[in-house]
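Below you'll find the structure, written out as structure tokens, and then a few comments.
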Amino acid sequence: MSSPSPALSHLDESGQIRMVDVGAKSASDRIAIARGAVRMNALAYGLLTQPGQGKGEVLNTARVAAVLAAKRCAELIPLCHSLPLAFVGVDFSLDDATHTVEVRATCRTHYKTGVEMEAMTAASVAALTIYDMCKAADKGIVIEQIRLEYKAGGKSGEWRND
């Protein structure tokens, strides 16, 4: 694993923005996993998790939104490369004690650059979709802890957010 860079990769020598040139890099298998959490009040969480009510519809809608967002990441993040996604997976876990939905997004590719931004975008949009579908019951929903959890592949190798 390589050490952190002492410079920002999207700025040239004069401090101007630029897209990183990946033309000379070799394609390799890459994976990134991102997480986030959506915390809400007891009423909204109860409606979300009530059998026969919202859980399936809300979480399935959030899953589809996350996949679409990962596929459009380069349209949303100005200097992000468009890349061929081999896989996008989104999982949810429920924490009844804190009324929280945990989001986990995994992206894989075989390409010249990593899929961290796609995984982070997928986790973020899944969380935003849950917010959108539950906000009628709780305007104070909190989206938190959007973060890269794991990445592997490419020159920098494997990294974990411990």
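Cβ atoms here come from the backbone N, Cα and C positions, even for glycine.
Swiss-Prot annotations:
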type: ACT_SITE; residues: Asp132; note: active site
type: BINDING; residues: Leu79, Cys80, His81, Met117, Glu118; note: substrate binding site
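Feature map: Swiss-Prot annotations on the structure.
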residue	record	Cβ within 10 Å
Leu79	substrate binding site	12
Cys80	substrate binding site	18
His81	substrate binding site	15
Met117	substrate binding site	22
Glu118	substrate binding site	29
Asp132	active site	14
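A distance of 27 Å separates the Cα atom of Leu79 (substrate binding site) from that of Asp132 (active site).
Rounded to the nearest whole angstrom, the C-alpha distance between Cys80 (substrate binding site) and the residue listed as 'active site' is 26. Considering only the residues assigned to substrate binding, Leu79, Cys80, His81, Met117, Glu118, the longest pairwise Cα distance works out to 13 Å. For Met117 (substrate binding site) paired with Asp132 (active site), the C-alpha to C-alpha distance reads 22 Å. Report note: the substrate site is defined by Leu79, Cys80, His81, Met117, Glu118, and the residues of the same chain whose CB lies within 8 Å of the CB centroid of those residues, excluding them, are Cys73, Ala74, Ile77, Ser82, Leu83, Thr113. Secondary structure at Cys80 (substrate binding site), taken from DSSP and collapsed to helix, strand or coil, is coil.
Cα of the residue listed as 'active site' to Cα of Glu118 (substrate binding site): a distance of 21 Å.
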